[in-house]
Amino acid sequence: MINRSIARTIMTSAVLMGSALLAGCNTDDASLASNAKANRPVSPKLVAAMTAKDMELQSPILIRLFKQEAELEVWKQDRSGKFALLKSYPICRWSGDLGPKTREGDRQAPEGFYSITPAQMNPRSSYYLSFNTGYPNEFDKSLGRTGSQLMVHGDCSSRGCYAMTDEQIAEIYAVGRESFFGGQRAFQLQAYPFRMTAANLAKHRNNPNMPFWKMIKEGNDHFEVTRQEPKVAFCERKYVFDPAPPPGSTRPLEFNASARCPAYTVPDNIASAVREKQQRDNTEIARLISKGAPVARLNTGIDGGMNRVFAAKLPGGQTGLSDPGESDVKATAFSAAPGTIPPTVNPPRNSAPATAATSYEPEAEVRPSSALLAPSKPSNIFTNLAHKMGFGDADTTATTKAAVSATPGESVSARPKTATPARSVSSRPVGAKRAASKTTEKTAEKTPRSEHVATARPQSGSTNVSASPARIQSAAPAASSNSFDSRFSVNP
């Protein structure tokens with residue numbers, strides 16, 4: 001009898017210990033869905049879209065962001081193993097200017113390639129739900145860039161973040177959560193100033209950030225020609241995409257963002273496809289420039305942007321640095337917004353006269369990520385013009401040799417021939433002012449809201465302004481300040 005009691009005790013202890021170990025293995029899963037809003041299922045409509053595109057609910061995802069277009073794309077792996085676009089979301093608000101974030105407090109939203117793990121998902125965000133972008137990555141750190149808590153979150157309010165509506169971030173969060181449940185260890189976030197088209201590159205050809213943009217465009221090209229998540233590494237203070245050990249090598253590649261690049265290769269099929277795409281892009285860029293393509297203005301004094309579908313819902317709303325596209329903002333005034341817009345939203349304002357883009361003399365070019373292949377290519381007026389404008393062949397690496405040394409250093413931004421005026425302070429926000437700034441996420445702290453009603457500030461010279469507040473129309477019903485569906489619980 002005593003032996004049986006001892007045996008039961010031992011077995012019970014073993015079961016409890018095993019349960020504890022299993023719980024320890026699943027801590028990330030548990031933290032991802034620790035409350036009701038973080039555990040909301042993926043909408044039936046989105047599940048149906050996955051089924052139609054031959055995707056599984058828990059297959060890997062990838063997210064792409066575009067500032068100028070104010071769009072966030074969720075890509076998902078289908079059963080063929082390639083990524084396909086699942087859904088595009090208009091971005092409600094982003095702050096700063098086109099270009100990467102460089103220091104704490106500059107209001108810039110990050111640009112580049114980042115990795116999002118389960119630990120970066122925040123189910124208790126003060127801005128409904130959020131995930132940390134992972135800025136700064138190793139490349140950013142190698143250049144001494146600073147900043148923290150740069151998020152993609154809800155509440156449509158940004159100070160260095162990418163802000164969505166609560167309804168949007170709930171859906172994006174749910175899709176990411178399911179991919180982690182399916183075994184994905186991290187999903188890639190690609191943040192761009194604009195879509196890397198020939199037209200946009202020609203338009204922004206005089207921007208001092210162009211060397212950096214051409215570098216991350218290589219990663220964009222890798223993704224577009226393969227529809228696979230590009231492998232990202234850093235060395236010599238630059239990005240390296242899809243590196244592989246050279247033939248005959250038995251040692252694994254070791255990369256350090258501040259050190260010399262090791263010898264590596266890029267698979268031939270990827271290298272050739274990327275090279276062909278870049279040659280087509282460079283030819284088109286040169287053609288557009290030769291035809292007098294307009295140049296984007298610099299130092300506009302505008303703080304960030306907003307997708308036109310949201311700007312159309314606000315009194316005097318503007319898209320800021322985001323391109324309103326072919327259709328005018330007023331054309332979307334009667335369409336439903338994808339979520340609830342809080343009345344405290346601060347739309348971008350043109351608070352200073354823009355400066356025409358000047359011609360820049362680059363002092364230092366971002367060196368290619370590796371030794372360039374020597375492609376056989378025709379020489380014509382367009383390619384010659386492209387070389388002169390700084391859009392020469394950016395061919396993908398075939399092989400780099402560790403013996404070839406180069407002094408690592410941050411590329412120096414192009415210097416303008418003429419001085420440009422300093423950016424003026426952005427205009428006062430429309431709607432209620434935030435009560436206090438937050439330290440956990442780079443967005444001003446929210447104030448309680450009784451209902452989603454925004455009151456427009458009277459414009460100077462206005463003669464007919466309604467005294468009653470204007471309710472912001474959206475696809476979702478008006479809700480309390482901290483939620484749709486009562487926001488469940490808000491934690492600091």
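Heads up, the Cβ atoms here are built off N, Cα and C, so glycines get one too.
Among the ranges 49-89, 172-212, 254-294, 336-376, the stretch that TrEMBL annotates as region 'Disordered' is 336-376. In this structure the C-alpha atoms belonging to H153 (active site, proton donor/acceptor) and C161 (active site, nucleophile) are separated by 8 Å. As a summary of secondary structure, the domain 'L,D-TPase catalytic' (61-192) carries 24 helix, 45 strand, 63 coil according to DSSP.
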